[in-house]
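Look at Swiss-Prot and you will find 1-7, 67-71, 121-124, 173-184, 238-263 tagged as topological domain 'Periplasmic', backed by sequence analysis. Positions annotated as transmembrane segment by Swiss-Prot, on the basis of sequence analysis: 8-28, 46-66, 72-92, 100-120, 125-145, 152-172, 185-205, 217-237, 264-284. Among the features that Swiss-Prot reports, domain 'EamA 1' is placed at 16-145. According to Swiss-Prot, the feature topological domain 'Cytoplasmic' maps to 29-45, 93-99, 146-151, 206-216, 285-307, an assignment based on sequence analysis. Residues annotated as domain 'EamA 2' in Swiss-Prot: 167-291.
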Amino acid sequence: MGSTRKGMLNVLIAAVLWGSSGVCAQYIMEQSQMSSQFLTMTRLIFAGLILLTLSFVHGDKIFSIINNHKDAISLLIFSVVGALTVQLTFLLTIEKSNAATATVLQFLSPTIIVAWFSLVRKSRPGILVFCAILTSLVGTFLLVTHGNPTSLSISPAALFWGIASAFAAAFYTTYPSTLIARYGTLPVVGWSMLIGGLILLPFYARQGTNFVVNGSLILAFFYLVVIGTSLTFSLYLKGAQLIGGPKASILSCAEPLSSALLSLLLLGITFTLPDWLGTLLILSSVILISMDSRRRARKINRPARHK
């Protein structure tokens, strides 16, 4: 198998597994009465420990980032506003609605990123970016109102946490680039997850005796942490390195689709026609942004003409 096909397969598998992890989280919260806060705490702590262990085995100097005062502060900011907030708001959205809706709303983050950079740089967005912003807004409108502006198809709390999740995901994607370039992805993400989980520990550790535990729930939690977080993250990284960010972004659109399909098959949650239309519009915005990124990359790499 060629490197491009292998990369595409890795990203596609990662996207499907990420979609299934949201469904798995919904199953755990519904069947065990576990709060989204407690699940966020335990998921972050265990996933962080696994990623740091993998990083250490890989030969990374995982403690270097902590020994640098300035970078340690940046890591703390990323841990709180990035890793902790993106996981907590995502699970809160699931708790208030369902995994498929939460996943689709979080996919607004690429549009938020390009809109933010256009504002900061005071540059007019290109036609593809403008269309992406427009389709994401229309898609969100259809998803949350079913086309009726006088009513919401999801609760106001679900809408609030879903939008917050998208903004948190935008921050999570853009903020740590300097840290990752200096220390590597696994140490930065591993520490951010572990620190984020430990921050919640004093507030929610006592909830550990207030929910149902059985064999299927333990298996589901193992899947969520090991398969849906650690393995998935590694697959996506390897795939994105082989095929590049724009292609990886397009293939990652399989995540909300797999979440919607698995929600239907495993949890009995159905999407209506406006839900599907809204989802497809939001996913199309991601594809448009990826197309714009590829166009810009080709323009930059194009050799200059000589007279």
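Count begins at 1; order follows the chain as displayed.
Cβ coordinates are placed from backbone N, Cα and C, and glycine is handled just like the others.
Remember, it's a predicted structure, so these values are computed and weren't measured experimentally.
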- Message: At a C-beta cut-off of under 8 Å, are there same-chain residues at least 6 beyond the topological domain 'Cytoplasmic' (206-216) that contact it? List them, or none.
- Response: 31-35, 37-38
- Item | Among 46-66, 72-92, 185-205, 264-284, stretch most in contact with the transmembrane segment (100-120) (C-beta, under 8 angstroms) | 264-284
- Could you break down the residues of the domain 'EamA 2' (167-291) into DSSP helix, strand and coil, giving a count for each? 109 helix, 0 strand, 16 coil
- Top stretch by Cβ pairs under 8 Å to the transmembrane segment (185-205) (candidates 8-28, 46-66, 72-92, 125-145, 264-284) is 46-66
- Query: In terms of Cβ proximity under 8 Å, which residues at least six beyond the ends of the transmembrane segment (217-237) contact it?
  - Reply: 10-11, 13-15, 17-18, 20-21, 24-25, 27-28, 31-32, 42-43, 46-47, 50-51, 54, 185, 189, 248, 252
- Task: Across the whole of the topological domain 'Cytoplasmic' (29-45), what does the mean pLDDT come to? Round it, please.
- Result: 92
- Best-packed against the transmembrane segment (152-172), counting Cβ pairs under 8 Å over 46-66, 72-92, 125-145, 264-284, is stretch 72-92
